Amino acid sequence: MDAIALWQRYQDWLYFHEGLGLYVDVSRMRFDDAFVESLRPKFDKAFGDMAELEKGAIANPDENRMVGHYWLRNPDLAPTPELTQEIVQTLEQIEAFAEKVQTGAIHPPRANRFTDIISIGIGGSALGPEFVSEALASDFPPLKIHFIDNTDPAGIDRILNQLRNNLASTLVLVISKSGGTPEPRNGMIEVKKAYAGHNLDFAQYAVAITSPGSNLDKVAQSEGWLATFPMYDWVGGRTSEMSTVGLVPAALQGIDIRAMLDGAKEMDDATRIPDIKKNPAALLALSWYYAGDGKGKKDMVVLPYKDSLALFSRYLQQLVMESLGKEQDLDGNIVHQGIAVYGNKGSTDQHAYVQQLRDGVPNFFATLIEVLEDRHGQSPEIDPGVTSGDYLSGFLQGTRKALYENQRDSITITIPQVNARTVGALIALYDRAVGFYGNLVNINAYHQPGVEAGKKAAAAILDLQTKVVTVLQAEKTPLSLGEIAEKAGAPEEVEAIYKILRHLNVNQRGVVLQGNLGEPGSLKVSLS
Ligand SMILES: O=P(O)(O)OC[C@H]1O[C@](O)(CO)[C@@H](O)[C@@H]1O
């Protein structure tokens, strides 16, 4: 297609949301009208099913749950007046709490104000808060947030070290929908010990965000934590940014959560329109289907050209891959669905992997995210008449063009600036696009059965560790790995046992390894 024809295609397919000033450009996805027509029946079904979902249908059949993240930004949509009231009241509770913390009406025992937050959570209980903080928190927020989003001891130490002089004024948010995920539980226990080490009463600093009745909720109630906010079973972890999970940390950092909700609501309204061309989420889902043949054959590379949006690709990685990465479709057929997502930011990535995108394996499509406003205020000139922002803008256009010239497709999403409304809108746009795509390929986008396998396997390793240590405690002479495995009743688990023991050895846990470390089979093991 020549430049003039492309310009026409750009105008024919351009989506513009006037209220949000947001554009979606799918002109560089090379589908034709026949392809769009072929998907129309699937889209008609998706629009209908989405309307049912919003009315409270059990859209997550495996977990027998409603899927209600859309109600969070428009509580009147909730299927019962009780739910509407609960959403409204919770929002008011969040705002009142944040205000009291910021003004010092709620303050720690030994300081006038809370200055910092440690947010402990993982997956959907971390990625949204991290993305939103990076995108929207001011340079000098009322409370500065720090994240523990793993069970990595060194990572936990890093945060605790950075805050060692400020622990007495640091609020701790423990965020876990299930209230039973091991990583945040471990983080919570370690942080609690650190507070005890500083003679601080953890309960007076701790806030739980969890499902009522969860283990975490029980701990918070029994220990009398500062506050507890409810998480609902009809909100999935990866779509929870606009529930208490995302709103509590955002409000505490002074982020305008009402504007975030408004932006999302406006986008939800726009993505409810049952017309592919007039619906920006449908345009994304259509493009994804086209790119990967409805089978995820092409990866989604997400390149926001704005540093503050750098975590958007990580956020989308969970949203898209945990939602769409499924072994079975809704009829029980083995389908191995999904779309791989990766990315960081432009133009930084141009000096990392864009070389492969332009010239290498054509196994992806790109999503470029453009922010029209360079910065608040004027920019200095770098060259006569040219600013750094002009370079960034030029690099975006250049990458889009260079990709297209080499038959690499791209979508471009443009927002006027990064603010609470546009960030809310972006989140809502992708929530809906993932929902539509899941429907097009007939999978349940709202459960995550595969994650359980890894959790069970990890739990089995910890069980095995206990057995192995018990075996060694009962022995006086060093044993071979095979002997330990026999005595632990797990002869087939020698490799796992070796790795457990090597880990214990390096971490001064009393395990002595004798022999050649390069030949694990020759090792003799004892306790010191
Ligand atoms: O909030 P929770 O229950 O601790 O779960 C954290 C994350 O773990 C998962 O359940 C599985 O990875 C995600 O879906 C979820 O976001």
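Note: Cβ is positioned from N, Cα and C throughout, glycine not excepted.
If you check TrEMBL, you get these features:
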type	residues	note
ACT_SITE	Glu322	active site, proton donor
ACT_SITE	His351	active site
ACT_SITE	Lys455	active site
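Known features from TrEMBL, placed on the structure.
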residue	record	DSSP (3 states)
Glu322	active site, proton donor	helix
His351	active site	helix
Lys455	active site	helix
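Note: the Cα of Glu322 (active site, proton donor) and the Cα of Lys455 (active site) are spaced 15 Å from each other. In this view, His351 (active site) is surrounded by 8 other Cβ atoms within 10 Å of its Cβ, with every protein chain counted.
Taking only the Cα positions, the spacing between His351 (active site) and Lys455 (active site) is 37 angstrom.
All protein chains shown were included, and the count of other CB atoms within 10 Å of the CB of Lys455 (active site) stands at 11.
Around the residue listed as 'active site, proton donor', taking its Cβ as the centre, 22 other Cβ atoms fall within 10 Å, counting all chains.
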